[in-house]
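I have placed the structure first, in the form of structure tokens, so that the comments after it can refer back to it.
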Amino acid sequence: MSRRNPCKFEIRGHCLNGKRCHFSHNYFEWPPHALLVRQNFMLNRILKSMDKSIDTLSEISGAAELDRTEEYALGVVGVLESYIGSINNITKQSACVAMSKLLTELNSDDIKKLRDNEELNSPKIRVYNTVISYIESNRKNNKQTIHLLKRLPADVLKKTIKNTLDIHKSITINNPKESTVSDTNDHAKNNDTT
């Protein structure tokens with residue numbers, strides 16, 4: 001009985017050729033180095049899927065790519081408003097990435113000022129505290145915040161986005177001269193060129 005060479009697709013995961021594949025899929029026939037390569041590959045795959053610091057969204061679906069068409073066409077706020085209104089076919093992951101970008105633009109000190117102006121028993125205080133906690137979480141690890149937002153049920157996520165957008169609008173109305181993160185970056189680039 002002749003030993004065939006191990007299937008290179010089977011070593012790196014799974015062979016999709018079925019019966020058409022002329023290489024060996026029987027692990028008992030494989031030499032030890034081929035088994036070690038397969039074992040190492042599978043263990044790395046498991047480790048990668050368990051690692052929360054890796055943004056699997058960007059690898060699988062391109063969710064963290066800069067040239068996403070929805071965000072380019074609608075802007076961050078437009079993507080979030082479209083998701084709330086269930087228009088323009090905005091996916092949950094696109095909304096979560098846009099929400100993370102909006103959280104980076106918000107300043108928790110401004111929200112704390114709004115919170116301090118409310119009455120003690122106002123239900124808005126809880127909303128402000130929730131948004132502040134998301135801002136702090138996003139500042140520490142924005143990829144983990146995207147995962148947390150994605151785990152929320154759709155109705156809860158929409159309510160959270162709506163509350164955050166309302167706070168964002170009230171801050172921009174109260175402080176119209178306040179520059180956003182993107183404006184600050186543009187000013188820094190202009191200063192470098194002069």
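Including glycine, each Cβ sits where the backbone N, Cα and C put it.
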Which of the listed residues, S49, S61, S86, has Swiss-Prot annotated as phosphoserine? S61
Based on the annotations in Swiss-Prot, which residue of S58, S94, S133 is described as phosphoserine? S58
Tell me the Cα distance separating R151 (site 'Involved in RNA-binding') from K92 (site 'Involved in RNA-binding'), rounded to the nearest angstrom. 10
Around K92 (site 'Involved in RNA-binding'), how many other C-beta atoms are within 10 angstroms of its C-beta? 15
Would you mind splitting the region 'Oligomerization' (32-49) into helix, strand and coil residue counts from DSSP? 18 helix, 0 strand, 0 coil
Across every protein chain in view, the count of C-beta atoms other than its own within 10 A of the C-beta of F9 (site 'Involved in RNA-binding') is 14
Could you tally the C-beta atoms, other than its own, that fall within 10 angstroms of the C-beta of F23 (site 'Involved in RNA-binding')? 14
